[in-house]
Amino acid sequence: MLRWHLESKKLQLRYTWKISRNSSDEKTNLFIRVADRRFVGIGEAAPNIRYGETAEALTHQYELLVENGLELIRSLEDLQVLLSLYPPANSLRFAIESAYIHYYCQKKSISVVEFLGVNLPASVATAFTLPIMNPELVANFIRDNNLNRFANLKVKVNQEDGLNLVKQVASVNNRPLIVDANEAWTDPDKLLIFLEQLKPYQIAFIEQPMPATEIEAYKYLRQQTPYDIFADESVTDHADFEALQQQFHGVNMKLMKAGGYLNGLQILEQTRQHGLKTMVGCMVETSLGIWSAMQLCQGVYQADLDGFLILKDEPFGIVEERNGELFIS
């Protein structure tokens, strides 16, 4: 019989992580371990309050799965049936599925990419994200952290300071910027005014500027925008890709939203099939979660896998960043 175990870790951040809807100085992530007497697999869950996820709620969901036979599963198919009968939050589903796949691959002496039928890139160039902060602090923050080593910087913005934040980043960085509003705007015309104000600066694309519910507003925006618009919160573990084509130019797939390797692969494939650009992103995660995301990065348009770089004490050390490139240690 397989032995399952859940552990929570409180992760202190190097600085306050502020986006348009909330801020935090620490994160509590969950780690699922499955083992027999010889082999072991571990998966990570990074709860996201945007989707109503908390460490406490996920712990209760895990306990429900244990009560209903988690330790009796004998295959990935068994696991998928159990997860469909007692569906957990997407991040917990990913932790459980990935832990089992990591265990299975170790037992069979195969790599995760071999199991998934994909190729592992030699390295992954990642963007680095600046949280919302006092615009006067931006230039020193970039210099002090040597952030110009990254090919792209992502700027978190809100309506109040968005333009000034972009301006300050652009003053000390000459590469195209990703602007991420985390659903901060509700009026597409006001958003378009903001986008017009960005024209003096190099902008790569805009990420999820309005709430996911604003479908008609996104259709209107897509016809008017001077920049590509990428979906983040609009795509979780499922999506209507026919509708997404009318709203966005690209999709940010995160395994913590997709709920598993297998569904993450499917979302990336559907994104490509519908002529949209692919992006692989992350939450605030350890290198375990980032390592997992790297398995799916071959051929993606943009990777944004810096979540482990803002941790004070990263516990696993299985991914290394050098000059803006990620390497598996």
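Even glycines carry a Cβ here, placed using N, Cα and C.
Unlike curated entries, TrEMBL annotations are predicted automatically.
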Residue among D161, D228, D232 sharing the Mg(2+) site, where TrEMBL lists D180, E207 as binders: D232
D232 (Mg(2+) binding site): secondary structure state under DSSP, collapsed to three categories: coil
Packing count at K254 (active site, proton acceptor) (other Cβ atoms within 10 Å of its Cβ): 27
Residues near D232 (Mg(2+) binding site) in space but at least six apart in sequence (CB under 8 A): D180, N182, E207, Q208, N252, K254, G281
Any further residue of that chain within 8 Å (Cβ to the Cβ centroid of D180, E207, D232) of the recorded Mg(2+) site: K154, I178, A181, N182, I206, Q208, P209, F230, E233, N252, G281
Other C-beta atoms that fall within 10 angstroms of the C-beta of K156 (active site, proton acceptor): 22
Around the Cβ of E207 (Mg(2+) binding site), the count of other Cβ atoms that are within 10 Å: 28
Neighbour tally for D180 (Mg(2+) binding site), based on other Cβ positions within 10 Å of its Cβ: 27
